[in-house]
Amino acid sequence: MSKEKFERKKPHINVGTIGHVDHGKTTLTAALTKVLAEAHGGDARAFDQIDNAPEERARGITIATAHVEYESESRHYAHVDCPGHADYVKNMITGAAQMDGSILVVSAADGPMPQTREHILLARQVGVPAIVVFLNKADMVDDAELLELVEMEVRELLSDYDFDGDNIPVVTGSALKALEGDDSEMGRPAIIKLVEAMDAHIPQPERPVDGDFLMPIEDVFSISGRGTVVTGRVERGVIKVGEEVEIVGITDTRKTTCTGVEMFRKLLDQGEAGDNIGALLRGIKRDDVERGQVLCKPKSITPHTHFEAEVYVLSKDEGGRHTPFFNGYRPQFYFRTTDVTGTVTLPEGTEMVMPGDNVKMTVQLIAPIAMEDGLRFAIREGGRTVGAGVVSKIIE
């Protein structure tokens, strides 16, 4: 069976459903595929197909995730839905399924619940840019005032975590009715309205090639008569021959000029996001640069040692620790291409962290790393991954 060719006619956006267990995330996911398949083509996916999500391994962590796709008038959406709460936590922290925006599903019959709050917090910590809200199961609420009350609660909760609670679109409906083909206001029209809200409110993400140039350095070579070459995969932006670049991290930041770019042993005028390149650097000795540093556009990223992070600690079954860790824990933090030792400070009132938990922590590294909010890392002990994290706030 030949695979269908992916036609890129519309801009592509990654989204996902978040919210409390049994509030209707998977039913909404199924309804989105069905209603939009009818409107714009594509495949409808049944609840069972989505609910029995296959397990995937991302950075050594097992996550169950369902991937569906659908199209609106103007966009192509890839949508992730997770069966269990733990899968959401892992997914958001590891960035296994990057989200350009989230659909927060809240049952109108129950209002916001503990996981509603936790998912909003996670979305804030890992830097999800936008949220739209679907007040589900609204057919079970007869009282219009009650619906308004739940909407107010959700907006306040979003504002508590620095989202724009006053202006975030809130769409009211019933995913189940929509899935059953009901054409009343709560049914299919509510799904269309939700997608219009997503089109309008979730911003188009910047393409990697449009960002400031950044390349994590993987290897360093000395080529006699030519100088020093650093190799790696360009993470974002473009590097042109003759441009100034900085080497950031581990030691003091150094400025140099890129005098050559090569790929597959051929010389190029430039390298761009996604390319595996070698960059020839002027006046840099082999010992001036090492794996773990980054090559970047000058002044675009800075080195830091002290930061706050949201971390998921692998369970014993995932090959993680068998025992908890405490304040002052000193593992290695693996950023991009290298390990740096760091000391963990737990939040006040948290005595210890058990395998399988997620926790907010502060980390002090022994050497600086080129860092920005949203940077992902692994926590390792002797080369074995015991946790995954994301930088939520740089301190210094």
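Note that Cβ sites are derived from N, Cα and C of the backbone, with glycine treated the same way.
Summarising the annotation, Swiss-Prot assigns domain 'tr-type G' to 10-206. Here Swiss-Prot flags 19-26 as region 'G1'. Feature annotation from Swiss-Prot assigns GTP binding site to 19-26, 81-85, 136-139. Among the features that Swiss-Prot reports, Mg(2+) binding site is placed at Thr26. Residues annotated as region 'G2' in Swiss-Prot: 60-64. For 81-84, the entry in Swiss-Prot reads region 'G3'. Taken from Swiss-Prot, the feature region 'G4' covers 136-139, and the record attributes it to similarity to another entry.
Counting Cβ pairs closer than 8 Å to the region 'G4' (136-139), the top stretch among 19-26, 60-64, 81-84 is 19-26.
When the Cα atoms are compared, Ala138 (GTP binding site) and the residue listed as 'Mg(2+) binding site' turn out to be 16 Å apart. Its own atom aside, the Cβ of Thr26 (Mg(2+) binding site) has 23 Cβ atoms within 10 angstroms in the protein chains shown. For the pair formed by Thr26 (Mg(2+) binding site) and Cys82 (GTP binding site), distance between Cα atoms is given as 8 Å, rounded to the nearest Å.
The secondary structure of Ala138 (GTP binding site), as reduced to three states from DSSP, is helical. Across the residues of the region 'G1' (19-26), the predicted structure has a mean pLDDT of 94. In three-state terms derived from DSSP, Cys82 (GTP binding site) belongs to neither a helical nor a strand segment and is classed as coil. The Cβ of Lys25 (GTP binding site) lies under 8 Å from the Cβ of Thr17, Ile18, Gly19, Asp81, Val105, each of these being in the same chain and 6 or more residues away along the sequence.
Set side by side, the binding-site residues Gly19, Cys82, His85, Ala138 differ in how many other CB atoms lie within 10 angstroms of their CB, and the most is found at Gly19. With a 10 A radius on its CB, Asp22 (GTP binding site) counts 13 other CB atoms from all the protein chains.
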